[in-house]
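J.: Can you keep this structure in mind? I'll have questions shortly.
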Amino acid sequence: MSELKIKAAKAAIAYIEDDMVIGVGTGSTVNFFIKELAAIKHKIEACVASSKATEALLRAEGIPVIDLNSVQDLPIYVDGADEVNERGEMIKGGGGALTREKIVANVATQFICIVDESKVVKRLGEFPVAVEVIPMARSFVARQIVKLGGDPEYREGFVTDNGNIILDVFNLNFSTPMALEDSLNVIPGVVENGVFAKRLADKVLVASASGVNNLK
């Protein structure tokens with residue numbers, strides 16, 4: 001599996017141009033991308049990190065990291081997904097960085113999703129949806145999610161970079177992913193959720209034994 005993730009990471013490097021500021025996601029596949037990026041760090045201007053973990057990895061490779069607030073234009077954002085379909089809709093947030101990932105993805109002009117073939121699905125929903133919640137609202141939000149048909153589970157011992165908690169939600173109805181994304185976000189106490197149906201991936205680079213294909 002690592003070999004496929006490395007393939008996908010290498011394929012994304014082809015989209016990096018000189019003097020770019022690059023948005024960098026979070027997760028195991030992205031970690032391989034950071035390793036590849038280190039080889040051309042002299043060509044890029046800097047990176048914007050979607051998590052403290054990613055920032056630490058970038059700095060460890062000697063890659064400059066800048067704050068998103070200092071960036072007006074972000075040409076490209078590279079990140080993985082827990083699930084992705086052929087339309088570029090995704091479930092993200094297995095690593096708990098979904099809120100910052102969604103922010104950086106929305107700033108970026110182009111979102112390149114890098115995955116191995118096991119992450120490609122016809123219909124989203126097998127993987128649970130991470131919902132970032134303000135701690136005091138945890139029980140209330142969980143009850144509201146149950147009303148939507150979901151089965152929320154508190155992610156024990158995990159605190160997001162924003163100081164919040166995560167509810168992992170199973171069995172949600174993905175017949176209309178965009179409506180689901182909205183219905184979760186309007187619950188008071190919800191910061192963000194891991195359904196990416198409004199900000200789609202522009203390119204989905206899928207690695208398999210035979211090579212890397214662009215799903216979109």
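Placed from the backbone N, Cα and C atoms, the Cβ positions cover glycine too.
Straight from Swiss-Prot, here's the annotation block:
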- Thr26, Gly27, Ser28, Thr29, Asp79, Gly80, Ala81, Asp82, Lys92, Gly93, Gly94, Gly95, Lys119: substrate binding site (BINDING)
- Glu101: active site, proton acceptor (ACT_SITE)
J.: Mind computing the max CA-CA distance among Thr26, Gly27, Ser28, Thr29, Asp79, Gly80, Ala81, Asp82, Lys92, Gly93, Gly94, Gly95, Lys119, which the record assigns to substrate binding, rounded to whole Å?
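T.: That value is 15 Å for the farthest Cα pair.
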J.: For Lys92 (substrate binding site), which residues in the same chain are close in space, meaning a Cβ under 8 Å from its Cβ, but six or more apart along the sequence?
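T.: Correct list: Asp79, Gly80, Ala81, Asp82, Leu98, Glu101, Lys102, Ala130, Gly194, Phe196.
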J.: At a 10 Å cut-off from the C-beta of Gly94 (substrate binding site), count the other C-beta atoms across all protein chains.
T.: 20
J.: List, in sequence order, the residues of the same chain other than Thr26, Gly27, Ser28, Thr29, Asp79, Gly80, Ala81, Asp82, Lys92, Gly93, Gly94, Gly95, Lys119 whose Cβ lies within 8 Å of the centroid of the Cβ atoms of the recorded substrate site.
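T.: Output for this site, in sequence order: Gly25, Val30.
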J.: Show which residues of the chain containing Thr26 (substrate binding site), separated from it by at least 6 in sequence, have their CB under 8 Å from its CB.
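T.: Once residues fewer than 6 apart are set aside, Thr26 (substrate binding site) is near Ser50, Ser51, Ala53, Thr54, Asp79, Gly95, Ala97, Arg100, Glu101.
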